[in-house]
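So the structure is just underneath, and the comments pick up after that.
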Amino acid sequence: MSSTESPSSVRKVVVHLRATGDAPILKQAKFKEPCFINLYLNLCLDDYGGICEILGTDKFAKVIDFLRRQLHRETLFVYVNSAFSPNPDESVIDLYNNFGFDGKLVVNYACSMAWG
Amino acid sequence: MNMEALKYVWEGSIPLQIHIHESEVTTVPAPPPALVSLLQWYIPTGVLFDLLCAQPERPWNLTVHFRGYPGNILIPCEGEDSVKWSFINSLKEASYIISGNCKNVMNMSQPDQEELWRSVLNGNLDGYLRVSSKLKLGIIGDQHIAASHLNSLKSWQSIGETDTTGQVKTGRVPVRLYVWCVGEDFDDFEDAPHIDAWEKISYINQPVEIQGEGKCFTLGDALKFLLPEYFRENSLIDEESSEAKGENEQKGSSEDAGGNVRDKDGEGLCENENSFQSVEAEIKLVRIQGIEPKLEIPFSWVVSNLINPEHFLHICVCVKVPQLTPYAM
């Protein structure tokens with residue numbers, strides 16, 4: 001849209017992936033993944049999830065697909081802030097700007113419908 | 001309570017003519033349609049119509065395909081449940097933007113949730129208001145869509161004054177903005193370049209906070225906030241002549257130079273001495289719920305009356321981007 005490249009368009013967003021209910025926990029700190037997601041070790045990795053980085057311009061669908069592949073499950077319910085499921089076409093940077101806090105976007109995943 | 005505008009919006013409809021793609025008719029009669037090709041099913045039909053029909057054709061011709069669902073382009077839709085899920089989640093997202101949480105939606109009883117969904121499906125405004133009022137998602141105080149002053153839509157100033165007496169809740173308004181850029185100018189929307197691929201549309205999901213206690217925050221102000229690169233600092237002066245901007249046909253004739261023209265933020269361009277001359281960018285069209293509101297309308301009125309049932313305001317904007325021509329050396 002704008003010819004001047006705004007910083008947010010090449011920015012990476014830190015996504016915190018948290019398991020909910022009986023969903024498997026992604027315990028690995030490093031994932032062998034294609035280059036569109038770069039992962040780094042988070043020293044504060046808690047028991048409930050993992051951290052990954054994703055390009056702001058990528059769609060939420062990439063987070064969903066990533067989780068499906070990592071967990072080997074087709075059916076997954078993926079939420080932001082334990083609240084709602086964004087449309088897979090939403091860009092990660094918009095979601096981060098609107099719903100992120102403490103420098104990250106919290107994404108919760110469950111094998112069955114967790115929140116309404 | 002004056003519900004005139006809301007009723008008009010809820011009673012609005014688009015006639016559709018649906019064609020089955022010839023190559024795919026193998027049975028008589030043809031099976032019921034399964035999907036609409038290349039249209040994003042989770043976007044309100046009216047928004048798609050506003051975007052894809054620059055000069056609205058009626059009926060809107062759609063071609064349906066039953067085979068070859070482009071799963072790599074479109075996200076799956078498994079019937080009414082998918083659409084309902086999408087609606088409820090958008091409602092939760094809007095609620096989160098407005099109130100900071102979506103407990104009100106999550107705590108809805110099953111019958112209420114079902115009634116809300118049914119009323120949207122059936123265009124039943126009364127049923128919808130009955131349930132949605134319990135959610136307390138009013139961004140603007142209810143008084144704004146009530147009261148006799150709305151019977152006369154001539155005096156925007158009086159509405160603006162009402163806005164400042166504390167009846168307007170200052171809050172964040174969920175907005176979905178769809179922008180498409182055209183490279184060539186056009187006077188008549190029949191000549192407008194058509195959008196033939198969804199990728200040509202820039203979609204932004206960004207809330208707008210109504211600001212300013214001493215003056216009326218207009219639709220133009222909201223757009224300036226959402227698309228700062230297309231508005232000059234002194235665009236408030238330009239909005240006075242936005243009467244023509246509201247009309248989509250006569251643009252070519254309203255050549256009052258400064259009137260409709262916006263400077264593109266050309267810092268990258270101007271600094272480069274031997275490079276390019278920019279022609280100013282211009283907002284050609286703003287469409288909400290199939291209408292082209294004047295930019296000086298109070299944004300709070302737009303929100304109260306033109307918002308979608310899931311509490312998002314969908315705004316379609318067409319921008320003519322500057323043509324870059326190199327300086328002669």
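Note: Cβ is positioned from N, Cα and C throughout, glycine not excepted.
Per TrEMBL, domain 'Autophagy protein ATG5 UblA' is recorded for B:39-66.
This prediction places the mean pLDDT of the domain 'Autophagy protein ATG5 alpha-helical bundle region' (B:80-136) at 93. Annotation comment: TrEMBL describes B:80-136 as domain 'Autophagy protein ATG5 alpha-helical bundle region'.
Positions annotated as domain 'Autophagy protein ATG5 UblB' by TrEMBL: B:172-317.
Taken from TrEMBL, the feature region 'Disordered' applies to B:238-267.
Annotated compositional bias 'Basic and acidic residues' per TrEMBL: B:242-254, in sequence order.
Using DSSP to sort the residues of the domain 'Autophagy protein ATG5 UblA' (B:39-66) gives these counts of helix, strand and coil: 8 helix, 5 strand, 15 coil.
According to DSSP, the domain 'Autophagy protein ATG5 alpha-helical bundle region' (B:80-136) comprises 47 helix, 0 strand, 10 coil.
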